[in-house]
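Each remark here refers to the structure printed beneath this line.
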2 protein chains.
Amino acid sequence: MIKIAVVGTGNVGRFAITNALAEEDVELVGVITRKKHDLGIAGTENIQIAEDITALDVKPDVAVLCIPTRAVPETAEKCLNAGISTVDCFDIHGKIVDLRAQLDKAAKANGRVAVTASGWDPGSDSIVRTLMQAAAPKGLTYTNFGPGMSMGHSVAAKSKPAVRDALSMTIPLGTGVHRRMVYIEVEQGSTYEEAKEQILADDYFCHDETHVIAVDDINQLKDMGHGVHMIRKGVSGGTHNQILEFNMTINNPALTAQMMIASARAATRQNPGCYTLIEIPVVDYVQGEREDLVRKLV
Amino acid sequence: MIKIAVVGTGNVGRFAITNALAEEDVELVGVITRKKHDLGIAGTENIQIAEDITALDVKPDVAVLCIPTRAVPETAEKCLNAGISTVDCFDIHGKIVDLRAQLDKAAKANGRVAVTASGWDPGSDSIVRTLMQAAAPKGLTYTNFGPGMSMGHSVAAKSKPAVRDALSMTIPLGTGVHRRMVYIEVEQGSTYEEAKEQILADDYFCHDETHVIAVDDINQLKDMGHGVHMIRKGVSGGTHNQILEFNMTINNPALTAQMMIASARAATRQNPGCYTLIEIPVVDYVQGEREDLVRKLV
């Protein structure tokens, strides 16, 4: 059994708890959160809750870090130094290589494994992108997100003075171009025009086609569904017009959490060091004996 | 540079030659064939052609075995014993585990790598199937082939006494069910009814919806295009209705050959032993330095 602790009880953390409980080869040995209240998740009644991972009665093999991206470098290194392997969902594409180098050092120094940038993009999409590149080395891959809620854009819109609450939907227009549909509650004492102007001036929105729509209640619009459409049209050797396509329509935090649990399993199957998902054999993400999996899946 | 020899000059072998010549980190050091004639492939004028791989002036790192599936076990083992790593496109799903065990022994004894069951199914599809299983561990995956020509079914139809030539198209009907559209030239002295009866009685056809159509000239119908539609609807932890989908429309031997060249590259990056494609990190199939690839593809 792989002993896992889930760190963080936001959307992804709550799904990671549920998903860990559903896996036959995983034992949830603790949840790390500063909130004292009951988790309200079926099956967690006897799971230890602690503020610090080193306070758990049973030392986990892997810490699944469902925490804000910016907290990952410090928290992951702390876990590795405590002799616990880590999985994170760090999602700032441009900074993954640096984080990988930092965690690789800490992981090797402690004989542990760090799996970084897990989830679906970066994550499972990265695996598909890499496979497409191998199958047709020349050409273009487009990753089209949505329709679905963008956490980053929603937070950016909500931060404006004239906005009380916001939800930003990402709408794929093809060839990696996206429309932003921003639903807002206007702050009392402000106008819709002020809110719209503030949002459209933000760097998150000024490069894309953005529509701002005032509504009475943002909560009525929330839906964790998301999706992706990846397409590569490329060349295999001398052969043009090779078309490969990957689509998903999924619950966003549930899939993120599932890829993180799968990555935790994979962590127990790698040599010490830090890995992104494209650096791990896909068979290592799946429960079961390798020879059985080869028989069933190849 | 990775030194490669292509063994066999059938459809897949000819594309493997062209594709190897297109790769910047690959050097084609020889083609193994019993046919003496000029290959008629641009760029091969100065490539050594030999009947036996041990006769090449430059010893290859990897032999890319574009040969009939049933010849793979013996030929691969012979190459490994000669100190040459191998890639094959063995495609009898039920016998892959046994071949993997056989080649693993020979590869380890010689400090070499065997990549088995490369191509697209088994091959790149296997990677996607495994990833889908990791992302949604419970549920159903359907692999739908086509529309495209089935080599095995075409050969089976052609073997009937009343059939002079045949081409069997695989048409996907969804949920892994396929229709067979069998185009035939009727043998002189035989009737269409005889040909149809012989085909429908064959084990290759009697389980599927099969239509037999007489034509004047099979050669006018040949098209190497093929495709696949894989779909999984499954459960991530407690979350149902997670839908993942993979589509390709490709030149069949060109993609098979490309995955084999990518597997040859990967062979040079693994420890001695035998691997199916799901057992190799996807990044290892792609040309370039690992850190650069992580930066670009994750």
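Backbone N, Cα and C define each Cβ position, glycine as well.
Curation plays no part in TrEMBL annotations; they are all automatic predictions.
It should be emphasised that the depicted structure is a prediction, and the values quoted were computed from it without experimental measurement.
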Considering the substrate binding residues B:T170, B:H226, B:N252 given in TrEMBL, which of B:R180, B:R265, B:R269 is annotated for that site as well?
B:R180
Distance in Å spanning the most remote Cα pair of B:T170, B:R180, B:H226, B:N252, given for substrate:
18
Please give the greatest C-alpha separation between any two of the NADP(+)-binding residues B:T33, B:R34, B:K35, B:C66, B:I67, B:P68, B:T69, B:S118, B:G119, B:W120, B:D121, B:P122, in angstrom, as a whole number.
29
At the level of the C-alpha atoms, what whole-angstrom distance separates B:T33 (NADP(+) binding site) and B:N252 (substrate binding site)?
22
B:R180 (substrate binding site): which of the binding-site residues B:K35, B:I67, B:T69, B:G119, B:D121 is the nearest Cα neighbour?
B:D121
Using DSSP, would you call B:R180 (substrate binding site) helix, strand or coil?
strand
Return the residues near B:D121 (NADP(+) binding site), defined as same-chain residues 6+ apart in sequence whose C-beta is under 8 angstroms from its C-beta, sorted by sequence, else 'none'.
B:D91, B:T143, B:F145, B:V228
